[in-house]
Amino acid sequence: MQTARNNWKYWIPLAVAVVIVAVIAYFLLSRVSFGSKLPNEGPAPAFSMYDLEGNEVSLENTAGKARLVYFYFAHCPDVCSPTNYMLYEVQEGLKKAGVFGDGALIMSITFDPERDTTEHLLEYSASMQADLEGWYFLRHDDVDMVREVSRQYGVEVIPSGEGDFIHANIYTLIDGNGNIRKTYSPNVPLLFSPETRDDFIAEIIEDMVSLAK
């Protein structure tokens with residue numbers, strides 16, 4: 001009988017441990033798509049904006065494609081333009097991989113539409129060497145709505161005087177099903193570790209290509 005009691009003392013904690021491991025494994029697997037190293041962080045906030053030709057662009061009508069979303073303003077005096085220019089390098093990498101436009105899109109969304117008019121963004125996008133077939137510069141006249149959407153993406157916009165804004169500087173990767181798969185911080189290669197720039201851009205291209213296939 002003593003042996004049986006000892007066995008129960010051994011097996012009960014082991015069974016509990018197995019259950020805990022199974023629960024953790026289920027939770028992790030439910031957030032990760034098979035065949036991909038990218039976690040599934042849940043549905044991306046919906047939005048509907050307009051491109052520079054006046055066409056409506058939303059997550060719904062671009063479903064099936066990998067999308068990289070960036071909130072910015074074109075009159076930004078510091079990080080926005082170099083961050084957008086890194087997207088030019090992403091654009092070129094996606095072209096080489098054969099997925100630009102058809103399987104992967106870049107979306108730069110201004111949260112300062114009063115100054116970032118369609119005419120101004122046409123000039124701005126040209127300065128970035130953007131191919132508008134797959135890199136959309138989006139805007140909407142409803143400032144409050146745009147900034148609420150940006151907030152939902154983790155980009156709080158705080159006016160700081162003289163037309164400038166304090167804001168987070170991030171890219172958000174969304175898969176074809178409308179789920180957030182990754183968030184990137186361009187400030188690291190831009191401001192702190194410029195030697196990591198090439199690897200940073202290569203990582204984004206690799207991730208987008210993996211979702212575009």
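Each residue, glycine too, has its Cβ placed from N, Cα and C.
What you see is a predicted model, and the numbers here were worked out from it, not measured in a lab.
Residues or ranges marked as Cu cation binding site by TrEMBL: CYS76, CYS80, HIS167. Under the heading disulfide bond, TrEMBL lists CYS76-CYS80. The feature domain 'Thioredoxin' is assigned by TrEMBL to 38-206. Look at TrEMBL and you will find 12-29 tagged as transmembrane segment.
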With DSSP assignments reduced to helix, strand and coil, which class does HIS167 (Cu cation binding site) get? strand
Given the Cu cation site CYS76, CYS80, HIS167, its other Cβ neighbours within 8 Å of the Cβ centroid, in chain order, are TYR72, PHE73, ASP78, VAL79, THR83, PHE165, ASN169
Does anything in the same chain, at least 6 positions from CYS76 (Cu cation binding site), have a Cβ under 8 Å from its Cβ, and if so what? ASP164, PHE165
Hey, what's the Cβ neighbour count for CYS80 (Cu cation binding site) at 10 Å? 23
Chain-internal residues, separated by at least six, CB under 8 A from HIS167 (Cu cation binding site): PHE71, PHE73, PHE111, SER150, VAL155, GLU156, VAL157, ILE158
Can you see whether DSSP assigns CYS76 (Cu cation binding site) to helix, strand or coil? coil
